[in-house]
Amino acid sequence: MGTVSDAEKKPTVIFVLGGPGSGKGTQCASIVENFGHTHLSAGDLLRAEIKSGSENGMTLNLHLIEIYDEQQVMVYTKFRQIRKLFFDEIGTMIQNMIKEGKIVPSEVTIKLLQKAMHESENDKFLIDGFPRNEENRAAFEAVTKIEPAFVLFFDCPEEEMERRILSRNEGRVDDNIETIRKRFKVFQESSLPVVEYYDSKGKVRKVDAAKPVEEVFEAVKAIITPKEKVDAAKPVEEVFEVVKSIITPKEEKDSSKRSVHLCVTKHGTLKEHLLCKFEACKDSLNATQCLLS
Ligand SMILES: Nc1ncnc2c1ncn2[C@@H]1O[C@H](COP(=O)(O)OP(=O)(O)OP(=O)(O)O)[C@@H](O)[C@H]1O
Ligand SMILES: Nc1ccn([C@@H]2O[C@H](COP(=O)(O)O)[C@@H](O)[C@H]2O)c(=O)n1
């Protein structure tokens, strides 16, 4: 049986979703710093395309490129003029759609995401603000054949998101009350169904994004941190020493508050038990009992 070559290996993708101003970009910056993912914001890529698209005219590289198969200078010049018009038009189209809080056609956004992924040497990506609707989701999966590892969903009330956007001060054309309302509507009607779709597949990791930045990141860290493994073949006391060193005091406190217990499975993986069948597991000091489960 053949093995999967490096070239065929799919990158790990985490979709980062949440309403406008829920703090996706802010948290992605901390994830990049702490976990080394590459952050690709669909909104940032579209904004960059408005700025540079008509200058280099290469980013989107849509079907028009195929028109040019002649070598003559005249044809080439004509081609460049047409191409510039074409990309100017795409830039204007993106700009208008962002101003109106509308979702840009998937073909455009996916091209930008694919290009950024190809140019990166990383193999783990945070794709922020995408997929924004069912069309985005289906097209991305069809084109890239990539399924997200999970969806990091920032849940935040509209009043808080509105407050945050109105004090963001980055000069964005869509950070005004009229467009914000339109973006909230699009989020409710088109983006939440995508979250629900992934939720039905058990892929949504929801975070309370209304809390202060640092607290939100604590929750994010708990989701992103790779699950640590414990060598469960060792004597029970030794295993428990390792378990104790992994469980931080904060997690211990939180887990006892929430009646969540960190246990070691037969395979040596640390596991959170919401309801453990072992009475003895009701506090983390007895976590080793779960070795038997
Ligand atoms: N937990 C938080 N508490 C208070 N303010 C926050 C929090 N997280 C982010 N902010 C601030 O709110 C504003 C919006 O945050 P950010 O740009 O990260 O949101 P976003 O979800 O990426 O927004 P958009 O989808 O509109 O691009 C920023 O000014 C940021 O500094
Ligand atoms: N998948 C996407 C993402 C964004 N847009 C457009 O960009 C605007 C800003 O997006 P942010 O994520 O930076 O808030 C958004 O309102 C859309 O107009 C898009 O079309 N498709």
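Even glycines carry a Cβ here, placed using N, Cα and C.
TrEMBL does not curate its annotations; it predicts them automatically.
Since we're looking at a predicted model, the values are computed, not measured.
Going through ARG168, ARG172, ARG181 against TrEMBL, the one listed in the ATP site together with GLY21, SER22, GLY23, LYS24, GLY25, THR26, LYS211 turns out to be ARG168. Per TrEMBL, the ribonucleoside 5'-phosphate site holds ARG47, LYS102, ILE103, VAL104, GLY129, PHE130, PRO131, ARG132, ARG172; the candidate it also names there, chosen from ARG183, ARG205, is ARG183. Across the structure, ASN136 (CMP binding site) and LYS24 (ATP binding site) place their CA atoms 18 angstrom apart. Nearest neighbour of THR26 (ATP binding site) by Cα distance, taken over the binding-site residues ARG47, ILE103, GLY129, PRO131, ARG172: GLY129. Proximity to ligand 1 (Cβ under 6 Å from any of its atoms) holds for none of the binding-site residues ARG47, ILE103, PRO131, ASN136, ARG172. Contact annotation for binding-site residues (THR26, ILE103, ARG168, LYS211) versus ligand 2: ILE103, each with CB under 6 Å from a ligand atom. Ranking the binding-site residues ARG47, ILE103, GLY129, PRO131, ARG172 by Cα distance from LYS211 (ATP binding site) puts GLY129 first. According to DSSP, LYS211 (ATP binding site) is assigned to coil rather than to any helix or strand.
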